[in-house]
Amino acid sequence: MGMLSLPGFLSCGKKKDFSLTNEKDSESSGSDENSERGNWSNKGDYLLSMVGYAVGLGNVWRFPYLTYQNGGGAFLIPYTLMLALAGLPLFFMECSLGQFGSLGPVSIWRILPLFQGVGITMVIISAFVTIYYNVIIAYALYYLFASFQKVLPWSDCFSWADEFCSKTQIVSDCNTTLHGEIVHVNYSYVTSNNLTCINGTINYKPVQFPSEQYWNKVALQRSSGLEDTGRVVWYLALCLLLSWIIVGAALFKGIKSSGKVVYFTALFPYVILLILLVRGATLEGALDGIEYYIGRQSNITKLMEAEVWKDAATQIFYSLSVAWGGLVALSSYNRFHNNCYSDAILVCVTNCVTSIFAGFAIFSILGHMAFVSKRPVSEVVDSGFELAFVAYPEALSKLPVSPLWSFLFFFMLVLLGLDSQFASIETLTTTIQDISPRVMKKLRLPITLGLCAVLFFLGLICVTQAGIYWVNLIDHFCAGWGILISAVLEIVGIVYIYGGNRFIEDIEMMIGKKSFYFWLWWRMCWFFITPVLLMAILVWSLATFSDPTYGSVLYPTWGTAVGWCMIIFCVIWIPIVAIIKIVKAEGNLIQRIVSCCRPAPNWGPYLAIHRGERYSHVVDAKKEKEHEIPTVSAFIYKQK
């Protein structure tokens, strides 16, 4: 991303930085408290942006499957505990951190310069994820447009299908009685001779539903593997372009424009979920689906399995989007005295309730599909791509007025993906703004559009015939334990090096003084429970890490190597930046490390009016005789 050659950025805060404004500047900004960076127009913009960021595709296509797989309703016990012990404490910490410093995920590490590489890692991982996440939105857009037909194109085996395509199971052979003897014959022989199969001896041909073949043969035009790149699938490329145009248009004024768009993109999916739930609940077999989801009688014994607790912790961690940098970026635009505590609780609870609610909408219709196809629900349930683009579309195709329900479902997926994408791109633009606020203020539109254009071209590899393999590869490596490493270092750095009690005092400057008992729970989590849980998840993830596969397709050795290179590129900045900062510091090795473990001189509330006595030492850059002008280079400052 560029050369690490900048004294100001990597000097453990020896030089003063730009960016602080005074009270008069704040007053002259009109409705914005912070005239340089800007603020959310109102509280609703922020909350809906946070809900949109946290509530994503995983709430629809992963949580319901995990609940079904891990004991039904019993799974809600470890899920709720993990929310309280791991998810919420880290969520509250990141919201407080971003709001206090009014800085993005890289610059916020003025709090602990030695760990600034953690912020860079978060931003780079977010960049990788935005590339493939918009490809998933492009898939949903393609299916959305395909729904504008009287007959859904995946509702039957049309011209694109092969001999293995079938809407029902096809009998291959069985045992039958012939002249008083039991013989094993092909089913065609049974039917031609007017015989009957003996119960329990029927074998079925391996068949694929129309929706599965449509997904692979038509939508993806999927090749045989990662090494068979093939051509760019033009209609997916156009859908990808459209999705990036939507993202760029929504962010052309930053939070001022995206904060308005989320009123639709964050709220309307709930309307669609409610419609799908009501429709699903009225269908035959819906109750069977619900019972598979929550369980006719929840399997409490499942709670004795470590895998269940690991799944609960992992799902909470990823569904809340902690340690991606987005929470810090979005919260950095809050007013200083905003109640980030109540915001964190509201968003976390909303996210988890949405997951549970989505499960009812999904499983009610899958239950009907099982009823119609005369199969157990367990055979039609799936997660991830298979749920969103195979199982659920197959179920919707069996409903009356199926194009309408298909349109609503994929429109919901598009909206769920877009508002998460808005926050991810805002994370990248916030990082650029913190590095060069003057440039960003004058050139926000071209920079935002340029960033979207670059990410679009990088994503074209994901809309080739081997595109789904690339999407799966990036997800397998970048969205995995790289984020866990960032989360562990984040909480350890802030609590044990910067000081947990000191951080609590910072929060009280924003939300007011609280009692000892108020902070007791948060201290228990931040100092012990949450770090231990995160370490356990990280160790488990590393111990159970396996080479990527897509279905039954194995990845070539070079493909796995590319995946390792991607994640190494993401996390390598943590030691690199730490080493460079230590080298730039003064004194012997111990003194240098200690110096880099102290907050930078310019760490504190962004505006002078909020600093009080605790941060009165922070000098306003505008009052300095020598004003420093930062420029952008690989997320790092270069000073004149």
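Cβ atoms are placed via backbone N, Cα and C, with glycine included.
For Cys165, the disulfide partner named by TrEMBL among Cys157, Cys174 is Cys157. Looking at Cys157 (disulfide bond) and Val55 (Na(+) binding site), their Cα atoms lie 35 Å from each other. The listed stretches are 46-63, 114-145, 520-541; of these, 520-541 has the most Cβ pairs under 8 Å to the transmembrane segment (75-93). Summarising the environment of Val55 (Na(+) binding site), the number of other Cβ atoms within 10 Å of its Cβ, over all protein chains shown, is 27.
The number of other CB atoms found within 10 A of the CB of Cys157 (disulfide bond), across every protein chain shown, is 19. Outside the transmembrane segment (232-252), and at least 6 residues removed from its termini, the chain residues within Cβ reach (under 8 Å) are 134-135, 137-139, 141-142, 145, 219-221, 258, 261, 414, 418, 421-422, 425-426, 429, 444-445, 448-449, 452-453, 455-456, 459-460, 462-465, 467. Remark: the transmembrane segment (261-278) contacts the transmembrane segment (404-425), by the rule of 3 or more CB pairs under 8 A.
Apart from Gly52, Ala54, Val55, Asn59, Ser319, Asn351, Leu416, Asp419, Ser420, the residues listed for Na(+), the same chain places the Cβ atoms of Val51, Tyr53, Gly56, Gly58, Ala266, Ser321, Thr354 within 8 Å of the centroid of those Cβ atoms. By the count of Cβ pairs under 8 Å, the stretch nearest in packing to the transmembrane segment (445-468) among 312-333, 404-425, 480-499, 520-541 is 404-425.
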